[in-house]
Amino acid sequence: MPSKKKKYNARFPPARIKKIMQTDEEIGKVAAAVPVIISRALELFLESLLKKACQVTQSRNAKTMTTSHLKQCIELEQQFDFLKDLVASVPDMQGDGEDNHMDGDKGARRGRKPGSGGRKNGGMGTKSKDKKLSGTDSEQEDESEDTDTDGEEETSQPPPQASHPSAHFQSPPTPFLPFASTLPLPPAPPGPSAPDEEDEEDYDS
């Protein structure tokens with residue numbers, strides 16, 4: 001069975017280059033060496049462009065090269081002036097302060113990942129961290145009010161869910177007999193309590 005790993009080959013196909021060249025009506029026959037030379041020139045050009053763009057990316061302490069990095073590289077290097085029209089629509093590079101702010105956001109996102117597990121358990125873990133980070137007492141009070149309301153919403157939601165199944169237990173007692181047998185002694189008294197509930201309904205009406 002042949003191996004699936006292929007050697008990386010960044011060479012541009014001379015046959016494709018020859019076809020592109022021959023689309024121009026002014027070009028007739030093309031010598032065999034010409035597409036090979038153009039292919040190699042294209043490799044060298046891309047290598048120099050990417051090295052310069054990589055330097056720009058590293059100078060910004062970024063891990064991912066973006067179109068903004070390429071644009072800045074093209075604007076800084078005179079040899080790439082002919083590419084300025086291609087990158088005219090690309091947004092400009094952000095300033096150093098904004099970049100540092102973005103890096104801080106990335107760090108904050110990384111910091112929240114462990115807290116995301118806390119959200120599954122009720123969401124209180126990340127909010128308590130936010131309290132520690134906020135500087136003023138008024139902000140902490142606002143956040144504590146938010147957490148209190150969130151807590152009330154969270155606690156108010158589970159009881160209705162719990163009450164719905166209990167309503168099902170009381171209304172059809174026969175299908176739930178096996179489930180009732182697992183409960184301790186209290187299932188026996190519900191028989192007499194059912195008339196009490198009906199009596200209470202009579203009093204209410």
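Positions of Cβ are set from backbone N, Cα and C atoms, glycine also.
The annotation compositional bias 'Basic and acidic residues' is assigned in Swiss-Prot to 98-108. Per Swiss-Prot, the feature compositional bias 'Gly residues' maps to 114-125. Here Swiss-Prot flags 138-155, 195-205 as compositional bias 'Acidic residues'. If you look up Swiss-Prot, you'll see 184-193 marked as compositional bias 'Pro residues'. Marked as domain 'Histone-fold' by Swiss-Prot: 14-77. Summarising the annotation, Swiss-Prot assigns region 'Disordered' to 91-205.
Look at the domain 'Histone-fold' (14-77): DSSP puts its residues at 46 helix, 0 strand, 18 coil. Note on the domain 'Histone-fold' (14-77): mean pLDDT across this stretch is 92.
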